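Colleague: Feature annotation from Swiss-Prot assigns active site, proton acceptor to 349. Residues or ranges marked as UDP-N-acetyl-alpha-D-glucosamine binding site by Swiss-Prot on the basis of sequence analysis: 11-14, 25, 78, 83-84, 144, 158, 173, 230, 319, 337, 352, 363. The acetyl-CoA binding site annotation in Swiss-Prot covers 366, 372, 373, 391, 409, 426. For 1-232, the entry in Swiss-Prot reads region 'Pyrophosphorylase'. According to Swiss-Prot, the region 'Linker' annotation covers 233-253, on the basis of sequence analysis. If you look up Swiss-Prot, you'll see 254-454 marked as region 'N-acetyltransferase', on the strength of sequence analysis.
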């Protein structure tokens with residue numbers, strides 16, 4: 001396959017009116033990634049392929065989203081909506097460059113897998129001229145039927161045009177196709193619009209190709225591979241299927257999920273073997289968790305790196321730039337953002353650590369805050385190795401605390417603290433014997449006077 005050139009035409013011009021959204025349909029997300037980007041990733045999984053996007057509303061946004069994951073692509077606007085074959089021909093310029101294979105896919109089918117598309121391309125390599133991707137749903141009602149004779153696909157018949165006998169066929173059209181490049185333009189140009197809607201249907205090329213004596217065949221893929229997204233309910237269903245795939249993949253690779261159905265991953269989440277994830281955990285984009293880590297319940301991770309045997313949560317939040325070394329700990333009700341946490345360092349309770357470096361084996365007490373923002377600019381806090389930050393301390397950045405330094409509880413630290421130093425930044429306590437009794441009597445009298453006046 002590696003020596004066959006390929007053009008993948010991604011049809012992404014649909015209006016998506018049933019989504020009831022200002023956002024183009026193909027930019028809605030499954031697992032944090034736009035639908036169309038899932039499709040492009042699947043295409044790229046078949047080997048080297050140029051991509052031609054057929055776009056409509058939000059064309060530049062769609063193109064930009066795809067180019068973030070795939071690099072430069074060609075985009076062609078479908079100015080009129082005259083059917084699927086018409087949409088493919090919007091990319092006429094790209095097709096005319098000449099390719100061994102053409103893949104025709106839809107930008108709203110995020111669950112298509114690379115191996116399904118690769119199977120279609122392999123059929124082309126074996127001599128087929130046109131390969132249609134089909135599936136067998138539990139009920140074929142409403143789907144176009146794939147009509148086969150003698151091992152060849154001869155036509156696609158829509159439900160409303162099918163005979164009673166044809167309606168019994170369970171093999172249905174998934175819409176996606178692979179086409180030998182040398183025949184592509186001739187077949188597409190032969191599609192007419194002699195139908196009730198006056199549109200050019202891509203499905204017609206099956207009968208056209210068969211009539212020309214070409215080798216036309218179909219392959220079967222799992223039903224979920226060809227699910228199209230038309231509304232928010234179907235978007236949620238696709239999310240569920242994607243998450244279930246990812247959960248199974250991770251568990252089979254050696255990750256323990258205590259309650260799999262409650263853990264949600266992003267398209268690029270990487271979890272190494274021997275990680276344990278408790279219930280109700282959410283992974284945003286760009287998270288890597290190293291072997292042996294423990295993620296407790298109700299934690300939220302995004303843009304974070306978690307080292308070997310680190311421990312997170314429960315109720316912890318790791319934001320972009322959080323980088324935790326091995327055996328470090330971020331405990332309950334802690335937030336870490338754009339900070340490096342050294343080996344064995346502990347941030348156990350009720351803390352905010354932002355724009356900081358925490359040295360190895362340092363201990364950050366409960367209620368510690370790095371005051372990193374003055375309303376205009378961010379500033380950095382640097383804490384050395386084996387430092388102890390007492391509870392309820394405020395570290396006003398920019399500030400540096402040396403190795404083995406000790407910050408007394410309740411301190412507000414505004415100046416650098418040298419290594420091995422003790423810093424106290426709080427008012428001296430005053431204790432006045434008997435004053436509590438006097439205050440109680442005073443306040444009780446005031447309250448009683450207010451009650452009488454009412």
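Heads up, the Cβ atoms here are built off N, Cα and C, so glycines get one too.
Where in this structure would I find these features, and how exposed are they?
Modeller: Around residue 349 (active site, proton acceptor), the same-chain residues six or more apart in sequence whose CB sits under 8 Å from its CB are 331, 332, 333, 334, 365, 366, 367, listed in sequence order.
Taken residue by residue with DSSP, residue 13 (UDP-N-acetyl-alpha-D-glucosamine binding site) is part of neither helix nor strand, so it is coil. For residue 13 (UDP-N-acetyl-alpha-D-glucosamine binding site), the same-chain residues lying six or more positions away in sequence with a CB closer than 8 A to its CB are 54, 55, 56, 57, 77, 78, 81, 87, 90.
Residue 409 (acetyl-CoA binding site) is surrounded by 16 other CB atoms, counting those within 10 A of its CB over all protein chains shown.
Within the region 'Linker' (233-253), the DSSP-based counts of helix, strand and coil residues read 20 helix, 0 strand, 1 coil.
The average pLDDT computed for the region 'N-acetyltransferase' (254-454) is 97.
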Colleague: Check the binding-site residues 352, 373 for other C-beta atoms within 10 angstroms of each C-beta and report the one with the most.
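Modeller: In terms of Cβ crowding, the pick is 352.
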Colleague: Can you figure out which of 372, 391, 409, 426 (the binding-site residues) comes closest in space to residue 25 (UDP-N-acetyl-alpha-D-glucosamine binding site), comparing Cα atoms?
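Modeller: Ranked by Cα distance from residue 25 (UDP-N-acetyl-alpha-D-glucosamine binding site), first place goes to 372.
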Colleague: Return one of helix, strand or coil for residue 372 (acetyl-CoA binding site), based on DSSP.
Modeller: coil
Colleague: Just jot down the residues in the same chain as residue 11 (UDP-N-acetyl-alpha-D-glucosamine binding site), at least 6 apart in sequence, with C-beta under 8 A of its C-beta; none if empty.
Modeller: 54, 84, 87, 88, 104, 105, 106, 107
Colleague: Rank aside, I only need the closest one: which of the binding-site residues 83, 173, 352 has its C-alpha nearest to that of residue 409 (acetyl-CoA binding site)?
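Modeller: Closest candidate to residue 409 (acetyl-CoA binding site), judged by Cα separation, is 352.
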Colleague: Looking only at C-alpha atoms, tell me how far residue 144 (UDP-N-acetyl-alpha-D-glucosamine binding site) is from residue 426 (acetyl-CoA binding site), rounded to the nearest Å.
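Modeller: One finds 76 Å between the Cα atoms of these residues.
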